[in-house]
Amino acid sequence: MRYLFISDLHLEAQRPDITRAFLHLLQTRAVAADALYILGDFFEVWLGDDNPDPLADQISSALLALSHRGVAIYLMHGNRDFLIGRDFCRRSGCTLLNDPTVIEINGEPVLLMHGDSLCTDDTDYLRLRRWLRNPLSLFILRHLPLKTRHRLGRKLRNESQERTRYKALEITDVNHDEVLKVMREHGTSTLIHGHTHRPAVHQLEVDGKPVQRIVLGDWDSNGWALEVDEDGYRLGRFELG
Ligand code: LP5
């Protein structure tokens with residue numbers, strides 16, 4: 001089996017280069033895989049499946065075409081696109097994954113997360129996350145008029161950009177103890193996540209056993225993808241073209 005993992009593309013109309021690179025990846029490396037996993041922040045901001053958006057239509061058609069070619073596509077929410085719902089998934093042939101999810105690769109359990117919930121030192125963000133992601137808030141947000149969601153989404157982005165500017169780098173990274181805790185809880189020796197925009201493969205130990213934490217990169221000046229097959233895990237950077 002061949003797997004392809006990506007995250008943090010932040011697709012938006014203002015970055016046609018990222019959209020082009022993603023469509024190219026679908027037509028080349030993704031068709032050669034058995035499964036494509038998108039681990040959150042696929043879109044820069046997602047205001048709801050009912051928001052008319054030509055970019056979303058283009059992306060969902062391309063994903064659907066890939067799924068018709070026999071590639072299984074899995075999508076996890078990120079902190080920017082947690083309002084992606086069943087309608088988008090149906091249109092694009094994706095299966096929505098819970099965060100966290102454990103899958104099996106080469107007979108081993110592998111833990112998949114977006115990564116934001118691992119940043120436990122970022123207490124302000126976690127408070128916001130708890131509020132935004134509780135079922136009642138989600139229900140209310142989904143039923144707000146689109147214009148109101150646009151306004152609130154913009155306000156939240158501006159506020160977030162302003163506040164992250166003053167946060168120390170350690171605060172916006174994952175907390176080491178939290179990583180060990182989730183890996184121990186799920187009994188996995190591999191964790192794959194995105195969110196922090198700090199692509200790397202970290203070798204760690206849980207209870208004396210070697211484990212690895214693979215951080216996917218964000219697509220900005222380059223693209224990033226993790227390929228996995230029976231030969232192992234290969235995290236690579238590529239030109240957007
Ligand atoms: O995304 P990134 O990496 O830049 O920053 C994140 C954290 N910020 C966020 C917020 C998102 O950027 C914006 C999400 C938009 C979603 C739109 C859909 C919803 C529509 C309806 C809206 C109600 O996730 C950032 C982390 C950072 O990652 C690193 O981990 O630090 O967190 C923050 O900056 C949060 C602040 O610390 C606290 C913000 C308090 C907000 C105050 C209220 C403002 C008005 C709210 C209106 C509802």
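For all residues, glycine too, the Cβ spot is worked out from N, Cα and C.
All annotation found in TrEMBL is predicted automatically rather than curated by experts.
When the candidates ASP41, ASP173, ASP229, ASP231 are compared with the Mn(2+) 1 site entry in TrEMBL, which names ASP8, HIS10, HIS197, the shared residue is ASP41. For the Mn(2+) 2 site that TrEMBL gives as ASP41, ASN79, HIS114, the extra residue drawn from HIS195, HIS202 is HIS195.
Listed by TrEMBL as binding substrate are ASN79, ARG80, SER160, THR164, LYS167, HIS195; the candidate from ASP49, ASP50, ASP122 that the record includes in that site is ASP122. Distances between the Cα of ASP8 (Mn(2+) 1 binding site) and those of the binding-site residues ARG80, HIS114, ASP122, HIS195 are shortest for HIS195. Taking a Cβ distance under 6 Å to any atom of ligand 1 as the criterion, the binding-site residues ASP8, ASN79, THR164 reduce to ASN79, THR164.
Spatially, by CA atoms, the binding-site residues HIS10, ASP41, HIS114, HIS195 include one closest to ASP122 (substrate binding site), and that is HIS195. When the binding-site residues ASP8, ASP41, ASP122 are scored by other C-beta atoms within 10 Å, ASP41 scores highest. For HIS114 (Mn(2+) 2 binding site), the same-chain residues 6+ apart in sequence whose C-beta sits under 8 angstroms from its C-beta are SER7, LEU39, GLY40, ASP41, MET76, HIS77, GLY78, ASN79, ASP99, HIS193, GLY194, HIS195.
Most buried of the binding-site residues ASN79, SER160, THR164, judged by other Cβ atoms within 10 Å, is ASN79.
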